[in-house]
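Working notes, beginning with the structure itself.
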Amino acid sequence: MTFETVSTAKAYGGTQGVYRHDSTATGTPMTVSVYVPPHKEGQRLPVVWYLSGLTCTHANVTDKGEYRRACAELGLIFVAPDTSPRGEGVADDPAYDMGQGAGFYVDATQAPWAPHFGMWSYVTEELPALVATHFPADMDRQSIMGHSMGGHGALTIGLTLPERFRAISAFAPIVAPSQVPWGEKALGGYLGDDRASWRRHDAVALIEDGARVPAMLVDQGDADQFLEEQLKPHLLATACEAAGIDLTLRMQPGYDHSYYFISTFMADHLAWHAERLR
Ligand SMILES: N[C@@H](CCC(=O)N[C@@H](CS)C(=O)NCC(=O)O)C(=O)O
């Protein structure tokens, strides 16, 4: 399978690259951003996965996430995939919260989404194999983070694969998609009406059903316009408390849902990940 370099640039002594490859999980070309910090020849480095939110491509966090200085200092590879398949033959929805740019990190089972919307398999199977092949990655040291819909992806993937991900964190995540409009629309569309099939794609439900990790870090702005209707972090706090999961939930006064918020706390999250990836 070809893995094509779209661009590379030196940053903080390392390399910020953008790459494109044909994906069997989505049946489309996919674009991914990877930052490799400065390192010694032959050295293998831990990998932090960053999953983005609604409307994003790989480029939003690459341009505005301000992760490179911390990744260079901490020796972390930072991988930022796209949020969905894209292109002319790919189903879409006129709204921003469904279809292209809104893959929700599930493998869709329903028409018209099922042929291309295989983002769970893409992020958990296909892309990790490519990262292992093409970068100096130590795949025994991985962690995962994300924002909003990507926070949902990070929490659900991290909770499902605790043996793979040593740390999970999120910025303003959708913690209980089955209980909020964004999630009800997306999971209903991609997975169908049987709500039982949604539970493995809902962080709160996964914890209620027995998923366990040692710890999670979540930052949430209290001026986030989506806080009350879509995000509801207290549902995660309640589930973690009942399950004995050590959740650090930090309500950040005055911060909204944007990359100004994410970039403010990015270095903090990366340091938290690096500690667990040593
Ligand atoms: N377009 C939506 C908001 C979508 C949104 O806020 N997306 C977040 C993730 S959930 C994002 O990261 N947007 C891209 C950006 O800020 O660069 C609206 O206007 O209500």
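Cβ coordinates come from backbone N, Cα and C, glycine included.
Because TrEMBL annotations are produced automatically, they should be read as predictions rather than curated entries.
Per TrEMBL, these features apply:
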- Ser148: active site, charge relay system (ACT_SITE)
- Asp224: active site, charge relay system (ACT_SITE)
- His257: active site, charge relay system (ACT_SITE)
Of Ser148, Asp224, His257, which active-site residues come close to ligand 1, meaning Cβ under 6 Å from one of its atoms? Ser148, His257
His257 (active site, charge relay system) has how many other Cβ neighbours within 10 Å of its own Cβ? 21
His257 (active site, charge relay system) - helix vs strand vs coil (DSSP): coil
